[in-house]
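Below is one structure; the comments refer to it alone.
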Amino acid sequence: MSVLAGADLRLNAGPIDYALLVVYFAVVLGIGALARRSVSTSLDFLLSGRSLPAWVTGLAFISANLGALEIFGMTANGAQYGLPTMHYYWIGAIPAMVFLGLVMMPFYYGSKVRSVPEFLRRRFGKGAHLVNAISFAVAAVLIAGVNLYALASVVNVLLGWPIWVSIIVAGLVVLSYTTLGGLSAAIYNEVLQFFVIVAMLLPLTIVGLHKVGGWQGLVDKITANNSNATEQLSSWPGSNLTGITNPTMSVIGIVFGLGFVLSFGYWTTNFAEVQRALSAKNMSAARRTPIIGAYPKTLIPLIIIIPGMIAAVLVPEMGKAKAALLADPNAATDVKFNNALELLIRDLLPNGMLGIAITGLLAAFMAGMAANISSLNTVFTYDLWQDYVVKDRPDEYYLRVGRWVTVVGTVIAMGTAFIAGGYNNIMDYVQTLFSFFNAPLFATFILGMFWKRMTAAAGWSGLVFGTLAAVLVDILNRAGALHLQGQGASFVGASAAFVVDIVVSVAVSLATVPRPEAELTGLVWSLTPKSTRQHSTEGDGGGWYRKPLLLGIGVLVLTFVLNLVFG
Amino acid sequence: MAHQTRSARKAGLFDLRWIIAVLFGIYGVVLIVLGVGFRTDEDLAKAGGININLWSGVGMAALAAVFGLWAAWRPMVVPERVEEMPPADDAAGAGER
């Protein structure tokens with residue numbers, strides 16, 4: 001392979017790789033075109049989508065999250081921190097997914113709430129709804145920027161265009177993909193994308209491990225190259241990840257900050273995630289959706305994080321950058337941890353598999369950004385514009401507004417992509433955003449669901465002060481007052497947001513008048529009849545292997561065993 | 001589940017399992033051809049001696065076969081009418097209303 005200075009990030013894609021990429025997009029756009037051709041086939045499409053078995057909705061459930069954040073961020077994390085990154089899955093996702101299926105889903109599904117903003121409007125009225133809609137719109141634009149940056153960096157390594165040109169071009173491509181009707185096939189594409197991503201990562205992991213001399217070879221090389229190798233090779237206590245030197249405090253930070261607040265906040269209240277489960281055909285399937293999704297979620301970090309760790313020892317530039325950054329976190333390096341996956345693909349995969357890998361990356365980022373932009377579109381048009389700004393216009397008017405929001409949102413995302421590009425590790429940025437937006441939402445949600453005394457004023461004020469608390473932690477940390485490196489700042493920020501939200505909500509509730517109980521039926525646990533929370537155990541809901549509790553315990557045991565193996 | 005409805009017909013191409021089978025069938029065949037007929041020593045050295053195109057191709061072809069057989073064995077049927085239309089998925093397709 002010819003190595004040219006300045007162009008050494010280029011992937012050596014050949015005609016066959018582009019052909020494989022074209023096949024994928026032909027299939028995806030073909031689904032959309034077929035679905036559009038006539039109303040009846042479109043109906044078929046939607047209905048057959050809805051009669052899919054629970055394993056498909058389960059895969060769609062984790063696929064909705066398997067975008068840029070996951071693939072780039074977690075390989076970057078693996079390269080930088082090593083095995084403690086596993087906590088994002090085993091502590092940071094599995095318990096929350098099981099909790100969603102076992103405890104919250106009966107209640108969500110039984111109360112017929114369709115989305116998070118809708119729950120807030122019914123439970124607390126307009127104040128909390130407005131606050132949540134605004135913060136959701138802001139978060140959607142910022143996270144769309146992360147996806148766009150990741151997409152642009154693939155275009156950058158693929159074609160060698162400067163990053164700003166790549167961002168603009170990638171944004172325009174997503175815009176046309178969104179308007180071409182790719183989204184009508186959302187769930188199908190998500191499941192398809194899941195398999196393509198596995199088809200990319202599994203061979204990459206196998207080849208990487210083979211080349212590095214197996215697991216033992218990887219351990220030896222990390223030990224030889226890094227002064228903090230023991231921290232990187234054991235998932236606990238994860239001091240290098242949290243930036244908290246005291247092991248006990250580090251474990252508390254991981255379990256409470258990541259495992260409880262950030263994770264439960266994300267998995268149980270995130271618009272896109274929860275809706276996947278809510279659209280299941282019955283209560284039994286709805287409860288099983290997140291739990292079935294938890295099984296692949298337990299195993300997939302093995303083919304995401306381990307390649308990141310391999311990249312840091314196998315790719316010379318990455319190893320050099322890691323050594324420099326370990327000595328001085330502000331060192332200027334040629335490559336960033338965010339580049340770990342691309343570099344590994346460049347060094348290991350021959351033409352053919354390279355095409356599959358490029359397809360997987362592009363598919364994930366496009367779908368991720370398209371989902372962000374379209375949820376922004378919905379929330380802005382219907383929850384903000386129609387409810388608060390211009391009311392009572394004909395449907396076509398709002399359709400037009402929606403189209404413009406898509407365009408404007410994409411343009412703003414091009415701007416926020418540069419914010420994401422400024423971070424050496426994209427996951428630091430994403431976790432900071434989650435601490436602002438998800439942690440307070442979870443606090444308000446869980447309190448409002450289980451405490452009937454909580455009032456409307458408490459609903460919005462808790463959200464506002466919770467978010468402010470997390471922002472304050474971030475500002476203090478940037479100013480150097482807190483000395484938290486890595487992702488510890490976002491764990492602390494999320495915990496602060498959670499605690500402040502609860503304290504403010506309780507204080508405001510006690511000072512204001514609660515809503516009459518009759519209005520809260522179906523919205524608060526104690527006021528919801530038990531019968532609406534249970535599901536039939538006959539037919540499709542029957543069989544021991546369909547029991548949510550058994551499936552949930554199974555995945556928790558699996559997670560525990562993996563923790564022992566990689567402890 | 002779809003099997004129990006009386007007025008129902010097959011979903012055909014819209015069955016996700018067929019779409020997976022077709023996509024990975026194509027990918028599998030292309031990669032096997034590349035692995036058998038066009039492998040170079042440079043590619044082999046890159047992957048540390050594994051013919052990764054060939055083996056990935058075999059894996060993908062096997063995946064395609066499993067999904068194809070499953071879809072043929074238990075075809076999905078679409079109910080003619082659905083009592084209550086579940087809410088539109090707000091996270092997707094908003095621009096299409």
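Cβ coordinates are placed from backbone N, Cα and C, and glycine is handled just like the others.
All TrEMBL annotations are machine predictions without curation.
Since the structure is predicted, the reported quantities are computational estimates derived from the model, not experimental observations.
TrEMBL annotations:
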type	residues	note
TRANSMEM	A:18-35	transmembrane segment
TRANSMEM	A:55-76	transmembrane segment
TRANSMEM	A:88-109	transmembrane segment
TRANSMEM	A:130-152	transmembrane segment
TRANSMEM	A:158-180	transmembrane segment
TRANSMEM	A:192-210	transmembrane segment
TRANSMEM	A:249-269	transmembrane segment
TRANSMEM	A:290-315	transmembrane segment
TRANSMEM	A:353-380	transmembrane segment
TRANSMEM	A:429-450	transmembrane segment
TRANSMEM	A:488-513	transmembrane segment
TRANSMEM	A:549-566	transmembrane segment
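Of the two recorded stretches, the transmembrane segment (A:488-513) lies close to the transmembrane segment (A:429-450), with three or more CB pairs under 8 Å once pairs fewer than 6 apart in sequence are set aside. It is A:353-380 that, among the stretches A:55-76, A:88-109, A:249-269, A:353-380, A:549-566, forms the most Cβ pairs under 8 Å with the transmembrane segment (A:130-152). In this chain, the transmembrane segment (A:249-269) lies apart from the transmembrane segment (A:549-566): fewer than three C-beta pairs between them fall below 8 angstroms, excluding pairs fewer than 6 positions apart.
Here the listed stretches are A:158-180, A:353-380, A:429-450, A:549-566, and the one with the most C-beta pairs under 8 angstroms to the transmembrane segment (A:192-210) is A:353-380. Sequence-distant neighbours of the transmembrane segment (A:55-76) (same chain, 6+ residues past either end, Cβ-Cβ under 8 Å): 85, 88, 143, 146-147, 149-151, 153, 187, 190-191, 193-194, 197, 201, 272-273, 276-277, 279-280, 285, 288-293, 295-297, 300-301, 304-305, 307-308, 311, 336-338, 340-341, 344, 361, 364-365, 367-369, 371, 425-427, 430.
Beyond the ends of the transmembrane segment (A:429-450), by six or more residues, the same chain brings 69, 73, 104, 107, 116, 119-120, 123-124, 128, 132, 135-136, 138-139, 142-143, 146, 261-262, 264-266, 268-270, 419-420, 423, 459, 462-463, 465-467, 469-471, 473-474, 487, 489-491, 493-495, 497-498, 500-502, 505-506, 523-526 to within a C-beta distance below 8 angstroms of the stretch.
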